[in-house]
Structures are given as structure tokens and as C-alpha cells.
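Trainee: Before we start, here is the structure in question, set down as C-alpha cells.
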Amino acid sequence: MDKVKLERMKNDKGFIAALDQSGGSTPKALAAYGVPETAYSNEKEMFDLVHAMRTRIITGKAFNSNNILGAILFEQTMEREIEGMPTADFLWEKKKILPFLKVDKGLADLKDGVQLMKPIPNLDAMLKHAVEKHIFGTKMRSVIKEANPKGIKAVVDQQFELGIQIAKAGLVPIIEPEVDIKSPDKAKCEEILKKELEEHLKTLPKDLLVMFKLSIPTKENLYEEFTKHPQVVRVVALSGGYSRDDANKLLAKNRGMIASFSRALAEGLFASQSDAEFNATLEKTIKGVYEASIT
């Protein structure tokens, strides 16, 4: 593990930009950007358009290391180039922003009040390739909808099992057990989740590091102790369906937690904007998310 990169992720101010919408969520992301489904006729054209959108964000002046520590990429984005360089290399070498790779293959059906991750075939090969591509860490998401202890334990078991495999490959896994913000039992889910995360950290091999990506908790500073744990590099928050302003306000109340927003980051950006308008909007967004992340 590169000490310079690790120190940057652990100690510097800023947030993580999530640019990892995958196949299923790409049409939605493009539509929000003002690109209708009629603008493309196949998957290749769709991914070309979304890469153009991501390139526009990443090459934006405001998308810089003063505000942003890392960026989470979809596998296709990792395989592509920005200004003639592989995306991950462009991020680190030109911007000093750490690249992360989304590794999960989506969610399984609801069972015991949760959605586990679908199996990830060829994970070892993907991790080996990610290391070759100079990726720093990974991200994988499960969802908790009900305060079911059995289900929540299964989510954290799966996340840590894969997280250990990822950490052993030389990457820093972002463990993301999202609590659905619409859950009527949200606070209860979070209490159970916190206990499970504590238990799993106790048995995490001492030479391995993880990160947590969590819904902004109902009880302020619920996860603060994790921000001080020697094996937790960083605790980041997902926006989870809140508007950007609401997510920023709620995040600012949680010490040590930084943002990792995707939809909230792209809010207000449109394909039709001039570069000046696009960059001004991006700068304003980044400033707001950054401010909420340094409290």
C-alpha cells in the first residue's frame, strides 16, 4: 500500500465523488443530465455519452485535489481514457485524486429485510486487474430496509468477507451497507448495524484496512467512534435519496464523516450548458459538499 496515497485518504480534507452509475442506473443519470433515451440506440452509444459526461466533470477546473480526495468509478470508466491517459492515472497524476472501483454486480432480492449483493464472479481477476490499473480502493453496496438482526448480520458478514479478500489483494475496500432512508425503522437499523460493524472490526486481521460508506445516521455522530478506529481509513456518507441541500445539512452535523455523493454531485449539471455554466454549477456544488465534509 502506497503510504502517500493512504495518508492522503486518511488525513486530508475533502470528499469522495461517486461517478459509478452502472448499466442499470445509467439511463437515469443521463436523463438527469438532459440526455434522453432517444439520444442513443444501443449500449455502446449510451456508455460513450456517459463517459463524455464523466470526462466533463473530471476535467472541470473545480474537480481538484483541494476539494476532492477520491472518485469512485464504474468498471467501464476504468477501462477508458481521459485526455489520452487511463482514467485512474489521469485522476491521480493530473489531479491527485484517488481512484476507486465499484466491484459489486447489483443487489439480490429482498430477504430478511435486506438486500445482499449478488455473487461477484471473477472477483480475484477483477482485483488483480484493478491493481494493474493503479486503482486505490473498491466499493460495494448492500441495502438494509428493516431492523432485522439476522438480515443485518448477513449484510455485514458478506461485506467483510469480500472486504478481507479485497484488502488482501492490496486495495482499500469501501464497505457500504446502506440503510434505506425511507425505512420506518431507520434509527433501529442503524443501532443494529453499528453493533455488527463493531463486532466485525474486532476480528478484522490487524494488518488490513477498510473504509465505511454509510447512510447519514438519524442519531447524530452515531458512527463517530469509527472515524477514530486505527483500521478504518475513513468514514464516508452516501446521500441516499436526500436532496443535495438536505444531505449537506445532515452531514455537517456528523463529526469526522465526509461525503461520497453521486446523484447529489451531478444535480444541476446539463449537457446543454456552456462550459462556463457547467463549471460554475460544478464549482458551487463541490464547494457545498466540501464544506459539509470538513465539519
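Positions of Cβ are set from backbone N, Cα and C atoms, glycine also.
Checked Swiss-Prot, it gives:
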ACT_SITE  GLU176  active site, proton acceptor
ACT_SITE  LYS213  active site, schiff-base intermediate with dihydroxyacetone-P
Trainee: For LYS213 (active site, schiff-base intermediate with dihydroxyacetone-P), which residues of its chain lie six or more apart in sequence with Cβ-Cβ distance below 8 Å?
Mentor: LYS139, ARG141, ILE174, ILE175, GLU176, GLU178, VAL236, ALA237, LEU238, SER260
Trainee: Could you say whether, by DSSP, LYS213 (active site, schiff-base intermediate with dihydroxyacetone-P) belongs to a helix, a strand or a coil region?
Mentor: strand
Trainee: I want to verify one value. Collapsing DSSP to three states, which class is GLU176 (active site, proton acceptor)?
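Mentor: Going by the DSSP assignment, GLU176 (active site, proton acceptor) falls within a strand, counted as strand.
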